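What TrEMBL says about this protein:
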- 44-66: transmembrane segment (TRANSMEM)
- 168-195: transmembrane segment (TRANSMEM)
- 215-232: transmembrane segment (TRANSMEM)
- 244-275: transmembrane segment (TRANSMEM)
- 295-323: transmembrane segment (TRANSMEM)
- 344-362: transmembrane segment (TRANSMEM)
- 416-437: transmembrane segment (TRANSMEM)
- 464-481: transmembrane segment (TRANSMEM)
- 487-509: transmembrane segment (TRANSMEM)
- 521-540: transmembrane segment (TRANSMEM)
Amino acid sequence: MISIRQRKGVKTTEVSEDYAAQEANVKLENKLPSGCTTRRLWKLLSFTVGGTIALCIGLLTSVYLATLHENDLWFSNIKEVEREISFRTECGLYYSYYKQMLQAPTLMQGFHGLIYDNKTESMRTINLLQRMNIYQEVFLSILYRVLPIQKYLEPVYFYIYTLFGLQAIYVTALYITSWLLSGTWLSGLLAAFWYVTNRIDTTRVEFTIPLRENWALPFFAIQIAAITYFLRPNLQPLSERLTLLAIFISTFLFSLTWQFNQFMMLMQALVLFTLDSLDMLPAVKATWLYGIQMTGLLLVCILQFFNSMILGSLLISFNLSVLIARKLQKNLKTGSFLNRLGKLLLHLFAVLCLTLFLNNIIKKLLNLKSDEHIFKFLKAKFGFGATRDFDANLYLCEEAFGLLPFNTFGRLSDTLLFYAYIFVLSITVMAALAVAFHNLSDSTRQQSTGQMGKCTIILKPETAYNLIHTILFGFLALSTMRMKYLWTSHMCVFASFGLCSPEIWELLLKSIHLYNPKRICIMRYSVPILILLYLCYKFWPGMMDELSELREFYDPDTVELMNWINSHTPRKAVFAGSMQLLAGVKLCTGRTLTNHPHYEDNSLRERTKAVYQIYAKRSPEDVHALLRSFGTDYVILEDSICYERRHQRGCRLRDLLDIANGHMMDGPGENDPDLKLAGHPRFCEEIKRNLPPYTAYFTRVFQNKTFHVYKLSRNK
């Protein structure tokens with residue numbers, strides 16, 4: 001930057017001062033055009049190169065993941081039924097609605113079939129567009145019908161290529177976020193490299209393609225990138241409006257495509273609340289973001305036919321509470337340190353109480369019980385009392401909902417990601433604490449405003465947002481392994497930004513008295529380049545070996561079962577069994593189900609527990625009566641569940657059922673003193689003996705090494 005100042009020790013008249021100023025201005029005008037032109041050309045070149053690399057690396061990542069999927073299953077060579085079986089558990093359920101829309105004679109009939117569905121849950125008609133987040137399947141099915149691609153691309157490939165294409169957008173958004181934070185596209189490149197080399201811990205799209213998170217996370221990444229840009233100071237009005245539009249669209253699409261959107265956005269709202277309370281974020285911008293969250297969620301609520309789970313979400317209650325409490329406490333950001341700290345604690349207490357009050361009122365008015373299982377799970381998980389609740393224990397015993405395994409950090413350390421992340425996190429946390437203490441120490445708002453510029457040099461609002469974001473999502477990932485993909489991808493962004501950020505290196509070098517502008521420039525470019533070279537050297541051969549390794553899908557027992565159902569049972573037959581298997585039955589055969597894996601409904605959870613009595617110690621009369629109450633014609637028993645060894649004692653499905661029924665568990669080990677011996681043997685074991693009490697109600701019609709199918713008698 002060129003600056004002009006008066007020389008010290010020289011006395012001049014006003015005329016000479018004017019002349020000197022005019023002469024200096026002439027010199028400045030002569031120098032600026034060439035300098036500005038050079039800088040503009042350099043910025044344009046940097047933007048072009050960085051943008052091109054972003055697009056290329058996004059596409060390469062997409063191709064890489066698609067190739068791994070093909071090599072793992074030989075997807076192009078296996079039969080259609082095998083392709084569909086490869087969509088395990090709830091993935092198969094979601095894909096079945098895409099298939100259903102394509103098979104409908106017209107789009108209107110397809111919509112009608114989804115709104116008035118009587119095949120997903122027997123003896124009930126449900127609105128699938130209200131219950132589930134499947135608008136993406138609807139949209140894709142319409143696109144496939146409209147576009148002239150039917151002759152060149154099979155429906156299943158159109159579906160999976162769309163998902164892999166979204167991964168290109170995902171990586172590009174991560175790249176851009178890191179670039180925006182650091183000011184150089186080199187950090188974006190490093191973030192993308194880390195995302196790919198830590199693929200096991202950053203994504204699972206190649207083997208769970210239709211999962212809702214694989215649709216939603218790319219839009220979440222776009223939203224974070226847009227928020228990062230929006231929080232920059234001194235944005236032009238047009239840029240600010242366009243950024244707000246991008247935030248709204250990405251928030252809306254994220255909310256539309258994942259049923260757990262409200263919990264993720266609640267974490268974001270907590271980030272905004274923290275920064276706003278500590279005066280590290282402009283209050284006006286925080287208000288805009290609160291409003292966008294609620295507007296996007298309410299619009300999704302309308303599209304989902306006023307889904308009560310959305311209206312009763314904690315996010316709506318929390319955002320309303322924050323805005324109300326802020327209006328009531330107008331002088332929150334004035335006073336001495338102790339004064340402000342007291343006001344802040346009071347504000348926090350008021351928001352918490354108001355959130356719980358509003359949420360309870362809304363849930364009572366709507367008679368909402370859809371998310372009860374989540375709070376029961378959280379209560380038991382964090383040690384607020386043991387539970388015998390079947391639904392809560394079903395989650396607690398799943399590895400995906402357990403604590404993050406320690407070996408995750410070993411894998412992240414192999415790529416140097418974890419070390420870099422801790423390094424950057426430590427520096428930014430210390431800077432954030434210093435800024436927060438500084439802001440709270442101002443005695444008046446005027447002082448705080450006067451020194452705001454100085455504070456934001458230490459920690460910019462966009463950096464502060466991403467810091468609190470990564471900390472909160474880190475705690476979420478540590479507590480629940482399934483949520484690690486939200487954290488690890490952002491970890492790549494945050495670590496790469498820090499290594500390429502001049503502010504981070506300035507803070508570090510100043511703290512050890514080695515500050516020098518040239519050293520900052522050297523460190524912010526040399527360190528990421530060295531890490532990129534290390535990653536290429538260490539992981540490139542392994543990635544090439546991985547791409548050359550060819551495997552094939554092989555599940556003959558499930559294929560045999562699906563083929564038998566298609567050829568030997570009526571189209572309107574009703575099947576009972578495990579949630580995971582029935583999703584495949586729905587996709588491969590189109591038969592009616594008693595239950596399914598989309599667990600966000602209280603009546604469905606009760607129904608699933610009733611159906612699962614086939615693995616409990618119940619009499620054949622009881623089991624038959626329960627299954628027939630749901631219109632069941634056939635029940636599928638799985639040896640892998642009946643004789644399960646994957647989980648330890650107390651976490652096997654049969655153990656969870658025994659505990660919920662008040663029965664003692666099988667095998668050596670302790671039982672709670674109030675549990676009693678069951679009056680009947682385990683149903684799934686005893687039925688195979690073909691004893692008269694069982695054959696009177698159930699007739700075996702199919703079996704192989706894995707599955708046993710029984711037809712229920714109707715005259716009992």
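Using the three backbone atoms N, Cα and C, a Cβ is placed for every residue, glycine included.
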- Of the listed stretches 168-195, 244-275, 295-323, 464-481, the one with the highest count of C-beta pairs below 8 angstroms to the transmembrane segment (44-66) is 168-195
- Message: Check for me, if you would, whether the transmembrane segment (244-275) reaches the transmembrane segment (168-195) - at least 3 Cβ pairs under 8 Å, residues 6 or more apart in sequence.
- Response: no
- Mark yes when the transmembrane segment (168-195) and the transmembrane segment (215-232) have three or more Cβ pairs under 8 Å (sequence separation 6 or more) and no when they do not. yes
- Message: For the transmembrane segment (521-540), give me same-chain residues lying six or more residues beyond its boundaries with a C-beta closer than 8 angstroms to one of its C-beta atoms, as numbers and ranges.
- Response: 182, 184, 186-187, 189-190, 193-194, 197, 414-416, 420, 496, 499-502, 505, 509
- Counting Cβ pairs closer than 8 Å to the transmembrane segment (168-195), the top stretch among 295-323, 416-437, 464-481, 487-509 is 487-509
- Same-chain Cβ contacts of the transmembrane segment (295-323) under 8 Å, 6 or more residues past its ends? 127, 129-131, 133, 135, 248, 251-252, 254-256, 259, 261-263, 265-266, 269-270, 273, 287, 350-351, 354-356, 358-359, 362-363, 366, 368, 370-371, 600
